[in-house]
Amino acid sequence: MAWWKAWIEQEGVTVKSSSHFNPDPDAETLYKAMKGIGVGSQLLSHQAAAFTFPSSALTSVSPWGQQGHSRCIPAGTNEQAIIDVLTKRSNAQRQQIAKSFKAQFGKDLTETLKSELSGKFERLIVALMYPPYRYEAKELHDAMKGLGTKEGVIIEILASRTKNQLQEIMKAYEEDYGSSLEEDIQADTSGYLERILVCLLQGSRDDVSSFVDPGLALQDAQDLYAAGEKIRGTDEMKFITILCTRSATHLLRVFEEYEKIANKSIEDSIKSETHGSLEEAMLTVVKCTQNLHSYFAERLYYAMKGAGTRDGTLIRNIVSRSEIDLNLIKCHFKKMYGKTLSSMIMEDTSGDYKNALLSLVGSDP
């Protein structure tokens, strides 16, 4: 399945809108699930300053203003209740819950979750609260801020999104961070990596037409061969231009013609002709063109394979694909690695973090 088709696969969705949805009780459930927000104690101190209550009266009123229930702050956060609400609602529904939470309790839900949760579980739950394009803008911003640049994050997002999605991400980035995504990428990267990232950001591969000019595809394949295998050294810009400006359907034909000419795959040639982040970027374009679901399955697998877990990659891809094509990614994962995505999550993670991930991933294929 080539990448441009993946956006219309409804059977791929693992997180769907909840039927009979009402944000108000969901907001109340989240409020009750959290301990340290101090709402109960703040209300108590506020009322005590305005009125004189006997202590027995204070403990007999619930946070919802009803008699007969203890007003004490709960002993701990009910993480499972948070998981049950937020992983079983669509992103649009989560935004409505956040509005209801602020209207009912006067607090920002995301900030409250940050104050109540910690570690990887907090990172996952907070990721769920961002609108999709703002979340991807945040991931790109985080990849470039501070010392060092996480080129892999930038490559993953720019190579796998459509032109419309990239435009929305750029808009969200500028609104949230007050700067141009393109200019920040240029400031934070250099050389041919900078050029391929800026080219990808233009979204020029987004022609979904099935028409392919066989003559042009053959010419592009010959040009790629001449730019790499045929010469000593590599004409990197020729690779970048063809990979970043041709449609996916066209590139698939180019890759076929290239293999006939070079007697090796385009992936093998890229590996022998380039290295480092530029190699990763070019290979990512090829993989996303050939099969987007396989690409994300590979990203998830290597996020958990070996010592340690690349939690950023794991969280980002499960959250961002859960309402698009995660079911299809799960199927490819099982075919490629002989085990299910959920079984690997169970082996590699633990606690509430594991439970939330499994809830988002859903049942095995």
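The backbone N, Cα and C atoms fix where each Cβ goes, and this holds for glycine too.
Among the features that TrEMBL reports, Ca(2+) binding site is placed at Met304, Gly306, Gly308, Asp348. The C-beta environment of Met304 (Ca(2+) binding site), restricted to residues of the same chain at least 6 apart in sequence and closer than 8 Å, consists of Arg310, Leu314, Met344, Ile345, Glu347, Asp348.
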Other CB atoms, at most 10 A from the CB of Gly308 (Ca(2+) binding site): 9
Surrounding CB atoms that lie within 10 Å of the CB of Gly306 (Ca(2+) binding site), all protein chains: 9
C-beta crowding around Asp348 (Ca(2+) binding site), within 10 angstroms: 17
